[in-house]
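Undergrad: The structure under discussion is supplied below as structure tokens; questions concerning it will follow.
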Amino acid sequence: NCVVKEEEDTSELRHQEGNSTIVKEEPEPLQIKQEQENPEHQEFKEEEKNSSEDQGINGDEEQKQNEGSQKTKEQKCTADSSKQNTAKRTHRAEKRFSCTICGKSCNKTSILKRHMRTHTGEKPFTCATCGKDYSDKCSLLYHMRIHTGEKPYLCETCEKRFRTRSNLTRHMRSHTGEKPFSCTTCRKRYSQRSALTYHMKTHTGEKPFSCTTCKKSYTQRSGLSYHMTTHTGKRPFSCMTCEKWFISRCNLVRHMRTHTKEKPFSCATCGKRFTTNYSLTLHTRGHTGEKPFSCIACGKSFGHKSILRIHMRTHTGEKPFSCITCGKRFSHRSLLTIHTRSHTGEKPFTCVTCERSFRDRSLLTIHMRSHTGEKPFPCTACGKSFSHKTILNRHMRTHTGEKPFTCVTCGKSFSGRNGFTLHIRSHTGDKPFSCTTCGKRYYERSGLAYHMRTHTDEKPFVCATCKKGFRTRSVLTRHMRTHTGEKPYSCSTCGRSFNHKSVLICHVRTHTGEKPFPCTTCEKRFSSGGNLSRHMRTHTGEMR
């Protein structure tokens, strides 16, 4: 074994020392470890050696003056012999310790012993704080800095500190933009070797880390470790501020920034700062327009893999997130979160102008445009602008005539999903929205909201001209036309114009003869609901 080999080399060296009195004056090779571990002692020894050599030279000069040239020749011969023996010993000392398992050679016993631990698994250095074991003292020292908080390596650019020099070196690349590691397949470059290794697996499809419970595989050990917590429920990293627990240390570090408000990642283009490098990467692609992730089904490109993954569900129909209350399934976690608020009644997003609350931030954004008047989505056909893209899409169908939603019961088609959904309820009789005051039920939420204002007498929509209030925006819009004189709805038969679509529909029936409103008493038919209501009073005797 290794120990025997070392002892044999040592005994051989001692035998050589016994045959040469000059060699004894040199330091023994087994002291190399001591000198290596104590650099200050090594420097002191070298200074002491140099001093003694200087004294020896001075002594030789005195002897040259007092003694003959014959004695000088003998000393020179002895010195030459000493140098030759020292050179031979130095050559023999190089890589004289070999590992019997893998054959690796080491020039010091300490290095060989450290190497042997890679075979034996021995970890003799233990952390006194947490009990974690390490195979070498250097790794233990790095680990101890986690407990002590010591970070001796300082970035001179942003003054961030690091526990190890290698971490500082990697960090510096975030400032310099250096990416020294290149993929041989697609030439993509990375700032860290580990990132390149991870990327290479996207080419090979290799997933070497498997879950022993459910057999799911991962490209990285960290991915497997994170997945295992779904089985064990273990969250070992705790926030000392709010006592929240996390699966990984990096998640804890990110969370801590919500308390410290630290945003260490800065955009080089606009200066905007971010709490995570991931957020900065996504933001930067907004400047560069880079969309490296493409859908293999439709070719659409995305700025990040997670967005592509969500998009793919529109092709596969996958809905992995289910509501525990009603069982409804969703393609994305955020959609489930928003839906869950319909059960809990939670509305965390509040308008600072009118204090109206919303379940979703996007709904608040759309609502704010009702105050600001912003309409960022213009129609390319008629120039009309809209506050939301879905409203624009619905409007575009008035130009194209497209009605993609068809009722399977009566065959009627609709341009918008909302109109289609309301129509279906006319067949099923479903009225899912009920008034908590009087119990009256409605087909749609907006109908209930409008009805509730009859109890509260709320009129949130105010005319800017005469300050008159209205319960709905549509009524306000109709009212505004009395001021502007606008009549946007024209009859295609006689050219007559009207200020509201419902009035136009009733007028068109005078041309077609259509009378869709029958009297249930005498079966007489009428062209409008208003005319039917007036007729019904002739049966009931009701006076208005």
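The backbone N, Cα and C atoms fix where each Cβ goes, glycine too.
From TrEMBL, for reference:
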- 1-10: compositional bias 'Acidic residues' (COMPBIAS)
- 11-27: compositional bias 'Basic and acidic residues' (COMPBIAS)
- 34-52: compositional bias 'Basic and acidic residues' (COMPBIAS)
- 61-77: compositional bias 'Basic and acidic residues' (COMPBIAS)
- 97-124: domain 'C2H2-type' (DOMAIN)
- 125-152: domain 'C2H2-type' (DOMAIN)
- 153-180: domain 'C2H2-type' (DOMAIN)
- 181-208: domain 'C2H2-type' (DOMAIN)
- 209-236: domain 'C2H2-type' (DOMAIN)
- 265-292: domain 'C2H2-type' (DOMAIN)
- 293-320: domain 'C2H2-type' (DOMAIN)
- 321-348: domain 'C2H2-type' (DOMAIN)
- 349-376: domain 'C2H2-type' (DOMAIN)
- 433-460: domain 'C2H2-type' (DOMAIN)
- 489-516: domain 'C2H2-type' (DOMAIN)
- 517-544: domain 'C2H2-type' (DOMAIN)
- 1-90: region 'Disordered' (REGION)
Undergrad: With DSSP helix as H/G/I and strand as E/B, how many residues of the domain 'C2H2-type' (517-544) fall in helix, strand and coil?
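TA: Helix, strand, coil within the domain 'C2H2-type' (517-544): 12 helix, 4 strand, 12 coil.
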Undergrad: Across the domain 'C2H2-type' (433-460), what are the DSSP residue counts per state (helix, strand, coil)?
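TA: So the counts come to 12 helix, 4 strand, 12 coil.
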Undergrad: Who are the long-range neighbours of the domain 'C2H2-type' (125-152) in its own chain, taking Cβ under 8 Å and residues 6 or more past its ends?
TA: 114, 117-118, 161-164
Undergrad: Give the nonlocal contacts of the domain 'C2H2-type' (153-180) in its own chain as ranges (CB under 8 Å, at least six residues past its ends).
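TA: Hits for the domain 'C2H2-type' (153-180): 142, 145-146, 189-192, 264, 277.
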Undergrad: Work out, from DSSP, the number of helix, strand and coil residues along the domain 'C2H2-type' (97-124).
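TA: Helix/strand/coil tally for the domain 'C2H2-type' (97-124): 12 helix, 4 strand, 12 coil.
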Undergrad: According to DSSP, how is the domain 'C2H2-type' (265-292) divided among helix, strand and coil residues?
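TA: Counting residues by DSSP class gives 12 helix, 4 strand, 12 coil.
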Undergrad: As a quick check of your reading of DSSP, tell me how many residues in the domain 'C2H2-type' (125-152) are helical, how many are strand and how many are coil.
TA: 12 helix, 4 strand, 12 coil
Undergrad: Take the domain 'C2H2-type' (349-376) and average the pLDDT across it for me.
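TA: Summing pLDDT over the domain 'C2H2-type' (349-376) and dividing by its length gives 89.
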